[in-house]
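Chemist: Have a look at this one.
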Amino acid sequence: MRGQSLLTWVLAAAVTCAQAQDVPPWTEDCRKSTYPPSGPTYRGPVPWHTINLDLPPYKRWHELLAQKAPALRILVNSITSLVNTFVPSGKLMKMVDQKLPGMIGSLPDPFGEEMRGIADVTGIPLGEIISFNIFYELFTMCTSIITEDEKGHLLHGRNMDFGIFLGWNINNNTWVVTEELKPLTVNLDFQRNNKTVFKATSFVGYVGMLTGFKPGLFSLSLNERFSINGGYLGILEWMFGRKDAQWVGFITRSVLENTTSYEEAKNTLTKTKIMAPVYFILGGKKSGEGCVITRERKESLDVYELDPKHGRWYVVQTNYDRWKNTLFIDDRRTPAKKCLNHTTQKNLSFATIYDVLSTKPVLNKLTVFTTLMDVTKGQFESHLRDCPDPCIGW
């Protein structure tokens, strides 16, 4: 009986969200004049921190964690509570704490040692830090956009939507984990020899990267891709000893840190075996250098590129293959395209991209931050977001 009630609630919620996708107040006309960020959809700036790559991996995050450890403990405790709600025996978390630390040596450098350093400084068990990093392989719902204006200038924008089904606060209509991630959101300037190697926006405690750019070379964001051959299978294979695939957040960071051109980045992201199916959204600095790479775990299915000579002056990627319809209760693609077409190619700027990313349901209850990247000018900025009621849950 309880199962029937839950199913009825889920179906009712789905129908409500499906209807809300198409009608105000959960959708709206394309926003204008939202930039510079202000007002009720703007939570505040994302703080900057430097990560010194010349330090041993174990020590790189210590200075940042001295400030952010309490907030990280709150988030990890929330995730643990959610897991224990579904597995009340506590056996799953016991396995996490007992089994995962033994696998730290199988992680590629420098990620294992960085996680070990994070665990020691925060006092959070190493197994939970590892699971916290796995967690980002599975729950990333995002919108990414690359545009090219009439002069061939490229811009890259993204909304980071995270935390779906990870605890709903009925008192203020927010996702628990989404809200707890906002104090942990940081801009990171990764430096070597006191010079910037790359910049990224990420969450404290996570050593992979999901959003970043290499000034003057390329920009990169990652969106989750739903597939039957999904990330859970990749994680299980890794836990049972198969180590031939890379974690998606690790390969993104590795490309940002080590790759020296747009074409090299595209080649790596297209061919490397990965643990979870994803979309890599990659932008460069020259006309036509922008693409969405649709990945299965072991192969690339599609590389969809800018083609301004034939009228394709933007690419938009949410969490669905471009050749398929979106899920009927989650269509962010259509309003994003509508607003870009309304903007027109001649009016592209940080301001107009931010307007698109501020329009419901592209902006929704899962949106943690918005990032804007200009590779050519070396501009990178991120802003914490809110979506006050009435606002769709995803």
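Glycine too: its Cβ is placed from the backbone N, Cα and C atoms.
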Chemist: Considering the candidates Cys339, Cys387, which is the cysteine that Swiss-Prot reports in a disulfide bond with Cys391?
Modeler: Cys387
Chemist: Calculate the distance in Å between the alpha carbons (Cα) of Asn258 (N-linked glycosylation site) and Cys391 (disulfide bond), and round it to a whole number.
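Modeler: Roughly 40 Å, rounded to the nearest whole number.
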Chemist: What's the number of neighbouring CB atoms sitting within 10 A of the CB on Asn258 (N-linked glycosylation site)?
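Modeler: A 10 Å sphere around the Cβ of Asn258 (N-linked glycosylation site) contains 13 other Cβ atoms.
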Chemist: Reported as an integer number of Å, what is the Cα distance between Asn347 (N-linked glycosylation site) and Asn341 (N-linked glycosylation site)?
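Modeler: The separation of the Cα atoms works out to 10 Å.
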Chemist: Have a look around Asn341 (N-linked glycosylation site) and count the other CB atoms within 10 A of its CB, chains all included.
Modeler: 11
Chemist: What whole-number Å value do you get for the CA-CA distance of Asp161 (site 'Important for catalytic activity') and Arg332 (site 'Important for catalytic activity')?
Modeler: 11
Chemist: Helix, strand or coil at Asn172 (N-linked glycosylation site), per DSSP?
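Modeler: In the DSSP reduction, Asn172 (N-linked glycosylation site) maps to coil.
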Chemist: Just to be sure I understand: of Cys142, Asn172, Asn194, Asn341, Cys387, Cys391, which recorded positions have a C-alpha no more than 10 angstroms from the C-alpha of Arg332 (site 'Important for catalytic activity')?
Modeler: Cys142
